[in-house]
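Here is what TrEMBL records for this protein:
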- 33-192: domain 'UBC core' (DOMAIN)
- 115: active site, glycyl thioester intermediate (ACT_SITE)
- 192-259: region 'Disordered' (REGION)
- 192-201: compositional bias 'Basic and acidic residues' (COMPBIAS)
- 210-221: compositional bias 'Polar residues' (COMPBIAS)
- 230-259: compositional bias 'Acidic residues' (COMPBIAS)
């Protein structure tokens with residue numbers, strides 16, 4: 001006797017589609033060319049809470065007013081930051097410099113330029129400053145990360161092992177409290193809101209920054225420019241009046257130490 005069982009037949013497993021269309025995001029279109037990337041990044045910065053001033057209405061060069069991060073010796077300071085984007089942006093990092101003085105191991109006191117190695121270590125063409133944690137970096141691949149992440153982190157966690165300001169680096173390693181005190185004295189003298197507004201208005205302030213903007217494309221003074229600066233220093237040494245000026249500067253510094 002043959003018995004026939006009736007029941008549900010086993011279902012066929014779902015088949016994979018023959019063609020899967022690639023997924024595109026808005027970012028693919030926006031960042032398809034360097035110029036679009038510049039326009040988009042700078043426009044985002046202009047629409048943010050930062051005070052941004054374009055140089056000659058160019059998107060590739062501008063100033064941003066930056067406030068020091070809270071709970072640091074830089075907390076009450078305001079700086080005018082000069083940013084210049086190279087033609088290869090975003091594949092090449094921007095030039096960043098402080099227009100008014102700041103005391104920091106990785107920032108040149110004369111030119112205001114930020115250490116090139118520090119910038120390159122944290123710059124990513126796709127995500128701006130790669131110091132951002134992944135969720136923030138993925139959602140904010142923009143120039144604004146310089147002011148939201150990179151500069152606050154740089155001021156909070158200086159690297160004295162790779163200095164542009166040897167005095168600041170040595171003081172930080174030798175006596176962190178004295179370093180913090182000197183940072184605060186620079187903030188009081190050179191980093192008020194008015195100081196930031198005035199920075200670069202006269203020729204004396206503008207010249208150091210103009211050197212840093214040219215320097216190797218990212219804010220380092222070239223050897224030729226440095227040699228020219230040394231020659232000027234030698235000329236000053238031959239002038240007895242310059243010696244008197246140096247003495248007066250020394251007296252002023254000693255007065256600060258006494259205070």
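Glycine too: its Cβ is placed from the backbone N, Cα and C atoms.
Note that the structure is predicted; figures quoted are calculated from it, not measured.
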Its residues classified by DSSP, the compositional bias 'Basic and acidic residues' (192-201) shows 6 helix, 0 strand, 4 coil
A correct count of other C-beta atoms within 10 Å of the C-beta of residue 115 (active site, glycyl thioester intermediate) gives 24
